[in-house]
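Down below is the structure, laid out as structure tokens.
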Amino acid sequence: MAEGFVSFGLEKLWDLLSRESERLQGIDEQLDGLKRQLRSLQSLLKDADAKKHGSDRVRNFLEDVKDLVFDAEDIIESYVLNKLRGEGKGVKKHVRRLARFLTDRHKVASDIEGITKRISEVIGEMQSFGIQQIIDGGRSLSLQERQRVQREIRQTYPDSSESDLVGVEQSVTELVCHLVENDVHQVVSIAGMGGIGKTTLARQVFHHDLVRRHFDGFAWVCVSQQFTQKHVWQRILQELQPHDGEILQMDEYTIQGKLFQLLETGRYLVVLDDVWKKEDWDRIKAVFPRKRGWKMLLTSRNEGVGIHADPTCLTFRASILNPEESWKLCERIVFPRRDETEVRLDEEMEAMGKEMVTHCGGLPLAVKALGGLLANKHTVPEWKRVSDNIGSQIVGGSCLDDNSLNSVYRILSLSYEDLPTHLKHCFLHLAHYPEDSKIYTQDLFNYWAAEGIYDGSTIQDSGEYYLEELVRRNLVIADNRYLISEFKIKNCQMHDMMREVCLSKAKEENFLQIIKDPTCTSTINAQSPSRSRRLSIHSGKAFHILGHKRNAKVRSLIVSRFEEDFWIRSASVFHNLTLLRVLDLSWVKFEGGKLPCSIGGLIHLRYLRLYGAVVSHLPSTMRNLKLLLYLNLSVHNEDLIHVPNVLKEMIELRYLSIPVKMDDKTKLELGDLVNLEYLYGFSTQHTSVTDLLRMTKLRNLTVSLSERYNFKTLSSSLRELRNLETLYVLFSRKTYMVDHMGEFVLDHFIHLKELGLVVRMSKIPDQHQFPPHLVHIFLFYCGMEEDPMPILEKLHHLKSVQLRYKAFVGRRMVCSKDGFTQLCALDISKQSELEDWIVEEGSMPCLRTLTIHDCEKLKELPDGLKYITSLKELKIEGMKREWKEKLVPGGEDYYKVQHIPDVQFINCDQ
């Protein structure tokens, strides 16, 4: 494995030497010597990797080599970047630049000679130890070849909803009955070891038709080992009142009072997933009243947690799969599209498969991981190699004991070992994130690019390919996954046991350090600080270590959000972190609101994230960050922030998020950022709309227009952005009450799938003015006087429509027969003038979810909903009590919704 990491590093180093050959002229002799030693080194790696398991000495050799490759890359890139920074005009600058150039060239030549000598010494030691040269004529797949293969295997995605049901059908039925029909138990607990399927079982119950009809509202919160009381309460309240935008600003006591009152008056189901200790419940319980309106479904590895929460608790012990169920689940993952009519699996392979699943101990997680591993193997010899790898080190069984648990971890480890090197890198980078973190994929893809896993020009596509492969192998869990082209994986997570494997492998490869408490020496010094080039900080108490000299070689620093405040008070905090490629300071508070000027010294940075950070002033030294691919400036600032006009120098940027609130002095020139793919917060108050003309690679754009502009100007500036997939247009508060839709023409954007308009318009544009393949449309504050539905229902690719905040100010709205042929989701919120809504039979035949929120004058639910048999979920929020009384069983309008499995009433008691 280490050989793969070293080879990966060598490949990046060769690319750097080739790419910067012109700027490296003058040190040819030193570089030639380095290249000779690198070639010799590469020929030793395969034999070293084969021998590393039996020798600590060989493992140390490989660690030394990895450090040397990193050091060489740092030296060469620093030289190139300093040379770029020195380029300028004027005689004095030229003289100073020449003197500095000669000094730098002498230093880099000396440094390269030093690295070359160290490599030569390691090679000599390796050869003396008996490591042989192996000249490998093969080659690794190029990025394009990997993507081609990935496109082929994407068609065989397993149906997780189907596979998850293996062996749990009866358990789901029993749990549903206890929650819906039995009032004796306030708390129902699912207990069992990690990986046994507690969360899967709870999820099936949570979404069951009878459960969705029985309760008024639902909340799902993952508690995990490290949590904060406020965060758990906040999440519950957000799920029960999803449209309350003030929850994030509430203090702990306000949340507690509001949540207590809510649970006291309604019939709600709250799922607390992964509660570890009795004490965890004691920290959470204050919001749950004694009155029996709510019910709780709780999952835990500790059977005593549920009984501690409620002495009358019903404890359900999750059971392992039997051998037949294990093989059935494995088959569904290995052959997701095989049906009864197809040729049976080779008998020898089936026999091996059934033998291998016995080593999974009946744990669904291990069975899925094994299935993901075997899905890439198509011959008897390949299956036999997997079987031998499992059987050679463990002896499994069908019951859970220490031995079979070892076999489970062995199978999970084999799934990792089977990954190609680039995917091993992707997987290990997930170790940065705290337990049960929701990982946003757009940030993750840019993070992978900043770490050099793939070329910066293909960030989104490459990231999607790699993540889908990790999901397909059941190493990562994808949330909101849809197997249709217009949807993307929005976020992902890791199962606890898989995360343990990830952390173990990261430690084994000296890949990163996780720092939870700097007073704990074992946390910091578990490995040599000089070799830990990635730090992940999970505690605000760890501040003082950031600028320590022993971290001078750190390349990645990620600060995770935690309960206590994290302050940066030292202006020199970045002085000893000059080799950073990745820096995530989300939610960090900077003293005086100033980002330290020393950040300008981080010239290697590719990724800088300040999301939610308390910052009101950015330094002009940021102009030095010329290699940035990703820059997120979505800071949390109550005051206006000043952004110096330095972003124009970051021409490598692919992702840019600009602060929403900037002072009037901020004027930005962004026209040279031609590599941008994602641009958020673009405002014509601070930037010229014509800057967009050359950004032809843009895929996602959010633009705010001031009173100086109209749609004609905007359309002209967007005309070349033919790769746009998502576009949001907002007019400033001063001007959105003026009709600007006369020149609205977006029909030439053939790739545009998502459109959001916060624009005043008396009527919606004609259907021919819209993009031809539009899938999602969001209309806010439009003030349309004419019914938009006759136009929208003719956009035949639409799958979701949101009308919010007086998008329509008329009284009557009609969805006609044969309209909205593909619509899946409809949200009608805060349409304060709407009185009558007609849905004709044959309209919206594919609708699955419908939300009606705070439409105070709407008289009743449309009668035509009774014809929409596809409807699975109806959310009614903030409507009068009469609505609820009419629509519950026995109510006069119940016939309209009796076919809908999940009908929720939220805040409908006024």
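Cβ coordinates come from backbone N, Cα and C, glycine included.
Averaged over the coiled coil (15-57), the predicted model has a pLDDT of 76. Swiss-Prot lists 15-57 with the feature coiled coil.
Swiss-Prot lists 146-459 with the feature domain 'NB-ARC'.
For GLY192, MET193, GLY194, GLY195, ILE196, GLY197, LYS198, THR199, the entry in Swiss-Prot reads ATP binding site, with the evidence type sequence analysis. Of all Cβ atoms in the protein chains displayed, 17 besides its own lie within 10 Å of the Cβ of GLY194 (ATP binding site).
The binding-site residues listed here are MET193, ILE196; among them, ILE196 has the most other Cβ atoms within 10 Å of its own Cβ.
DSSP classifies MET193 (ATP binding site) as coil under the three-state reduction.
With all protein chains in the displayed structure included, the most crowded Cβ environment within 10 Å among the binding-site residues GLY192, GLY195, THR199 is that of GLY195. Classification of LYS198 (ATP binding site) by DSSP places it within a helix. Cβ atoms within 8 Å of the centroid of the Cβ atoms of GLY192, MET193, GLY194, GLY195, ILE196, GLY197, LYS198, THR199 (the ATP site) belong to the same-chain residues THR299, ARG301, ALA318, LEU363, PRO364, LEU365, site residues excluded. The Cβ of LYS198 (ATP binding site) has 24 neighbouring Cβ atoms from other residues within 10 Å, across all protein chains displayed.
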